[in-house]
Amino acid sequence: MWLLRLAWALPMLAMASSSGPSPSPSPTELPPDKASIFADLSAAELRAVRTFLMSRPELGLSPSRGGPLAKNTLFLVELLPPKKRLALRYLDHGGRRPRRQARAVVFFGGQAEPNITEFAVGPLPRPSSYRPLRFKGSRTVPFTARPVTQLEYELLHGVLAQAMEPLHRLLLDATGFWFHNCSQRCLTFSDIAPRGLVSGERRSWLVLQRFVEGFFLHPVGLEVLVDHRDPDPRRWAVQRLWYNGRYFSSPQELAERYERGTLAVARLPEPPSQQLFSSYEPRGHFTTGTPTGVHGAKVCEPQGRRYRVRGNQLEYGGWSLAFRLRSSAGLQLFNLRFNGERVAYEVSVQEAIAFYGGHTPAAMQTKYMDAGWGMGAVTYELARGIDCPEVATYLDVHHFYDADGPVRFPRAICIFELPTGVPIRRHFDSDFQGGFHFYAGLEGQALVLRTTSTVYNYDYIWDFLLYPNGVMEAKVHATGFIHATFYTPQGRRYGSRVHSHVLGNLHTHLVHYKVDLDVAGTGNSFETMDVRFENISNPWSPGARVVQPWLHRQPRHSEYHLAVTRRHENEPTSSSIYAQNDPWEPLVSFEGFIRNNESIDDQDLVAWVTVGFLHVPHAEDIPNTATPGNAVGFFLRPFNFFDEDPSVASHSSVIVRPLDPPTFSRVEIQRWTPASPGPCIGPEPFTYNGTY
């Protein structure tokens with residue numbers, strides 16, 4: 001069995017069709033060329049897909065950047081993973097290598113009935129054909145469900161600048177900044193989604209902010225509703241405005257109220273040139289006087305790396321896996337094995353959602369679904385020594401997302417071994433007379449695979465951790481700027497006043513993972529286990545009672561319980577890049593995965609895991625939300641799968657035994673690593689580039 005454990009939920013069990021690992025697991029893992037069937041597309045492959053599709057006259061594709069919205073463009077290209085049965089036949093039985101294909105998303109905006117179509121393109125590296133990809137239910141993707149492109153943002157900026165002309169004097173007097181014909185002291189905006197109230201709409205509330213460092217915390221009290229459904233931006237229009245607690249039907253109405261002196265104006269103080277509250281610049285001091293102007297503890301590898309990265313294959317102790325960073329949703333692990341036994345075929349991030357409440361129209365409308373904002377493609381450079389240790393392995397990635405070719409993102413992934421600061425296990429065996437029989441302990445380390453997603457204001461830190469005892473942990477930390485709106489007294493019931501004119505709106509974070517468990521094969525079943533109590537007669541003391549816990553095990557035979565479903569090729573993901581802008585009629589309806597109530601006895605099963613937390617912003621979220629206390633995740637743990645803790649294979653143990661009790665003047669120290677770790681940190685200075 002393998003245990004899927006969440007900190008806030010009952011444990012879930014995936015029961016294998018066999019009771020444990022094979023008696024003689026292979027001492028070597030798959031060669032890296034086999035893992036490459038799951039590797040992200042190279043820059044050359046991405047360019048080849050674009051060149052091929054652009055050459056097809058029937059598609060009529062144009063460059064993405066510049067020009068009108070009403071055109072056909074290639075929006076996204078990424079790996080289309082092979083079908084599982086073909087991959088397993090190749091990995092396990094020496095079958096034919098699956099054809100390498102790409103998933104291509106095309107926006108057909110230059111036709112009478114605009115839509116979005118996805119294609120499978122291959123074979124790579126020299127594509128020669130394409131075919132439409134069918135979604136479950138065979139629905140056409142409406143054009144209004146598309147993610148917002150850089151071109152659409154540029155057009156929105158122009159429309160908003162023109163609409164703000166009548167409000168130039170109000171904005172300048174109230175904020176000291178302006179929008180129209182601005183080159184400095186400018187206003188900017190953040191947009192809200194979903195974009196409307198029913199399917200087919202594309203109406204966005206825009207929150208105006210001062211464009212200073214950390215502009216997310218500088219709303220000016222003006223929110224504007226723009227209808228931008230039509231592919232022709234000349235038909236876009238401002239429909240409503242909200243300013244300092246009041247609604248207005250047009251910019252002209254708001255301007256007239258200001259000119260007549262009947263408007264309650266929210267006048268903002270001049271922002272300081274230094275130590276702005278939204279800045280990372282140090283300010284204040286700690287009272288103890290302990291040093292903070294020197295470097296703190298660091299991670300080091302005194303005898304070199306204890307893991308191996310070959311292409312997209314990662315090996316560490318008993319662990320081996322293939323990994324990729326897909327542009328659409330983020331990290332995805334394949335063929336996860338421990339000591340040669342496959343634990344899971346796939347473990348991957350699916351979606352990150354944040355539901356907000358508030359008094360302003362933008363706040364009450366905000367339901368962010370981050371796969372629709374390019375969650376997997378906003379993986380910017382990781383800073384050495386801050387985002388990851390200096391000694392980590394850093395990997396570049398290429399994304400083809402809302403661009404006219406592959407874009408290189410340097411240092412987007414890092415891999416490192418982390419001292420956990422707590423032993424994997426330890427015991428001090430006292431003789432209860434001032435001495436001991438032995439001490440034994442195993443150093444605590446884990447291998448970390450990490451990337452980040454900066455989805456506008458929020459930063460997510462995505463981790464997969466591999467422990468030497470066969471435990472895998474999936475974890476996400478939330479940090480970055482809170483999504484803030486303008487403070488009004490009525491807004492206090494929806495959050496906290498975190499600065500003079502800033503309300504931090506309450507919200508719930510939910511993160512969805514896919515866990516395709518293959519424990520000792522694909523034929524798995526599902527059982528829940530919870531603790532109950534019994535009050536029984538004491539068998540060795542008549543008349544007495546014993547209250548004690550017992551395990552209640554319950555096999556689950558159909559899809560309902562804790563979102564465990566049969567695996568289907570047409571259910572590869574629980575969300576899509578289109579859900580954000582059409583949540584009312586989603587292309588991928590996760591509810592449909594469990595509603596058909598299929599049998600899950602001895603089947604290929606997928607556990608869909610949701611983790612999350614409520615965030616009530618507070619003053620300490622300024623300038624950014626901190627990672628301590630804002631992390632959630634889950635564990636995969638072996639449960640009666642091995643004969644003993646598999647970490648006994650680690651050589652990081654120490655055993656101490658006294659040689660001359662009861663004097664204890666001499667001890668025998670047994671260890672299987674060098675007695676001294678040696679030098680630790682190299683002298684290289686901190687560097688950072690930040691370009692992509």
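For all residues, glycine too, the Cβ spot is worked out from N, Cα and C.
For 1-18, the entry in TrEMBL reads signal peptide.
What TrEMBL lists as domain 'Copper amine oxidase N2-terminal' is 45-129. Shown for the domain 'Copper amine oxidase N2-terminal' (45-129): DSSP residue counts in helix, strand and coil, namely 20 helix, 27 strand, 38 coil.
Residues annotated as domain 'Copper amine oxidase N3-terminal' in TrEMBL: 146-246. When the domain 'Copper amine oxidase N3-terminal' (146-246) is classified with DSSP, helix, strand and coil residues number 31 helix, 32 strand, 38 coil.
For the domain 'Copper amine oxidase catalytic' (298-535), the model's average pLDDT works out to 95. Look at TrEMBL and you will find 298-535 (among others) tagged as domain 'Copper amine oxidase catalytic'.
The active site, proton acceptor annotation in TrEMBL covers Asp370.
Residues or ranges marked as active site, schiff-base intermediate with substrate in TrEMBL: Tyr458. With a 10 A radius on its CB, Tyr458 (active site, schiff-base intermediate with substrate) counts 22 other CB atoms from all the protein chains.
Taken from TrEMBL, the feature 2',4',5'-topaquinone applies to Tyr458.
Residues or ranges marked as domain 'Copper amine oxidase catalytic' by TrEMBL: 550-647 (among others).
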>> Between Asp370 (active site, proton acceptor) and Tyr458 (active site, schiff-base intermediate with substrate), how many Å separate their Cα atoms?
In response: 10
> Which of 146-246, 298-535, 550-647 shares the most C-beta pairs under 8 angstroms with the domain 'Copper amine oxidase N2-terminal' (45-129)?
Replying inline: 298-535
> By DSSP, what is the split of the domain 'Copper amine oxidase catalytic' (550-647) into helix, strand and coil residues?
Replying inline: 13 helix, 33 strand, 52 coil
